[in-house]
Amino acid sequence: MTTAPSAKFPNLRPAEPQGSDLLAAERARASFNPYDLSVFMYGEEWIGRFNRILEILENDPAMDKSKRYYSGRDDRFSHALWSARRMVELQREHKWNATDISIADFLLDESGPVCNHSDYHHILSLMNFDAHTFQSLSGTSQFSLHKNMFMPTIMSQGTDEQKAKFLAPAQKYQIIGCYAQTELGHGSNVQGLETTATYIPETDEFDLHSPTLTSSKWWIGGLGKAANHAIVMARLISNGKDYGPHPFVVQIRSLVNHRPLRGVTVGDIGPKFGFNTVDNGFVMFDHLHIPRFNMLARFASIKPNTGEYASPPNAKLSYGTMVFVRANIVMGVRFALARAATVAIRYSAVRQQFVDAANPKKHGSRVVETPVLDYTMQQYRVFPVMAQAYACYFTGKEMFRLYNDNQKQMGAGDFSLLADLHATSSGLKSLTTTMAVSAIEDCRRACGGHGYSLFSGLASFYQDYLPNATWEGDNYILTQQTARYLLKTFRNLVAGKSVLQNPTVSYLTTYLQNPTATCPATTPTDFLNPELQLSAFAHRAAHLVAQTVDQLDRQGRTWNSMLVEVNRVSRAHCQLVLVQNFLAALQSDSDLRTPERAPLKNVLTTQAQLYALHTMETELAEFLTCGYLSPAQTQMLKSQTLDLLAAVRPDAVALVDAFGLPDYYLNSALGRQDGKVYEAMTHMAEQEPLNHSDVVAGYEECIRPLVWAGKKIEGATVEVVKERQAKLVFLESTHYARLSLFVLCICMRPEKQVHLHLDL
């Protein structure tokens, strides 16, 4: 039951000018229509669908977000279960398709029961989904893991008979599953998993067992309390031979009373840094027997009675889906960056601090404080985040195109695109998610003290986004995949071996032809030249590759001793890819060539330039040490970067508006579309449960004794004896009458028994 707040703010307006007026003025000065940019990125049909689903969720009590910031884990978990059930009902009521479901999951933005991505992208990498199917799997709402991993794994790796037994009831939510791969002792090293599934030919069963404490499945989303089935990755052992991890469908809990089955120890792993509406769980097996039928057998199987193992097909096919998954991650980073930038930029346009003496602002005839967004330092902190978001949009789009081309070629037996695409996608996942984690925190801090409030919408968002740097491959480990490919390609070029032509080979070849090339810039504006930008990024990346090969091959350095350089190689390569894709899209996208789209192209070009130059400035040491830039040119670069901030300033609010992130999704007092920041902050403070009573629980036991201790009352001193007891120490005997009155006053509160010990 919700009680009305006792602490209510008076009906006053914030000081002028109003936040709504400030944002209206920002939008009026923009050089383009943000809706046109939204249509360019999403399409009108998708926007219409998005808005229809948004209206449904905003008006459904189960999807209400207003209590999120005040609720403890138990309440949040219970509400998440309710939302999960209601989401399934809405899908059925409105006959939502795959795209509709992904939009609803995105908008709800609740990491709830049966939802965790620690193994999500790994299992998708083992599947062959097309883009349409994947869209139905995206999102972070309740039952996502059941939808995103349990059912798709059965769909892609199960036989027709297994689909009939497991998939059909799962689609009706008659069984609810999760995906159990990660263990207490092993995460990234999947081949090191310890859980075993030993085939017993006499009974045609598998003995599922957890032989060590570290073999306990851990971090399994949905397993803690909600799921009754799991796909368990366990080491397949048959006839004494270990065939490595394979998937098994395992019932965890009873379908009658939801209690764990015999031989199963299962529970929740406890509170986490974020994602605390997710029941991440652990499970251990004590020689649990399951039928041989439960091993998903579309690609690999065990023959009955003999235990003979049938091998899977070409493993390279799985790499194509890894590319698709990681392209989706890059697109997801776009939204994470856009969300952080939207809150920080809108709030910075409303928040006013100090008066800029050189350029004072006026409201009417009165000088007012300067919007924080007008300060160059604030622009330097938040504008590059917005540019990063647009860069990730264009790279994600290009990755999808390459994925589709690669799938067609692999279908015809041509794997020529795969190596470069897989290596780049690995590095991009690492770079972009690391970039997003840093950007969210930078934007939160750019919101000043209010950024520390949950009402900002950024604090809890940071907590929940942070795991992206770890799941789907730890970000530092993934860079090794990228670097290995780059080093191998460079060695082949140096050795004169035949290599397939692609953008990576092109920039490495250019470097080998002129390893001492230098930057031709003579003025700051020269750095706006796209060819100069591409040459700078390419030379720096190739130089790092060449230096790493030299240290490994000629100087005898070990791989382990070079891991820091390996990370830098991957980072440089992927920053080049982001710049390359951004600039190429602006040149080649037919939608941007029409005269009516000229304002969009202009504003996006400025974003591309800001991303490129700000990244160069951030990585300035490497551009200097590779010899491409001179010290004098670095000053030109810095000057031009600051000029770009000024160019972006008039369009800043419109650029974040174009991402189309509604208030329902942002759940932020600071990032409100209408600019009513202070009204929202005070209203949300009123909803704090502590403000629903005038006197806090515990006052009588903890505060009152301290306040009254030693207090003099008409010549007597109150001394606390123990809880709820006190004594009066009289200084003069003439105060008996006043004592009687004092005792009478205390006894008027019979619910608090106060014993007075008189020391006469």
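Glycine too: its Cβ is placed from the backbone N, Cα and C atoms.
Those TrEMBL annotations? Automatic predictions, nothing curated.
The shown structure was predicted, so the numbers you read here are calculated from the model rather than taken from an experiment.
Per TrEMBL, these features apply:
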DOMAIN    33-176  domain 'Acyl-coenzyme A oxidase N-terminal'
DOMAIN    178-286  domain 'Acyl-CoA oxidase/dehydrogenase middle'
BINDING   T182, G221  FAD binding site
DOMAIN    319-487  domain 'Acyl-CoA oxidase C-alpha1'
ACT_SITE  E472  active site, proton acceptor
DOMAIN    529-707  domain 'Acyl-CoA oxidase C-terminal'
Let's see if you can do this one: DSSP helix, strand and coil counts over the domain 'Acyl-CoA oxidase/dehydrogenase middle' (178-286), in that order.
6 helix, 51 strand, 52 coil
For the domain 'Acyl-coenzyme A oxidase N-terminal' (33-176), the mean pLDDT of the predicted model:
80
Distance from E472 (active site, proton acceptor) back to T182 (FAD binding site), taken between C-alpha atoms, in Å:
11
Please name the residue among the recorded positions T182, E472 whose C-beta has the most neighbouring C-beta atoms within 10 angstroms.
E472
How many Å lie between the Cα of G221 (FAD binding site) and the Cα of the residue listed as 'active site, proton acceptor'?
14
Please work out the number of neighbouring Cβ atoms within 10 Å of the Cβ of G221 (FAD binding site), leaving out its own Cβ.
31
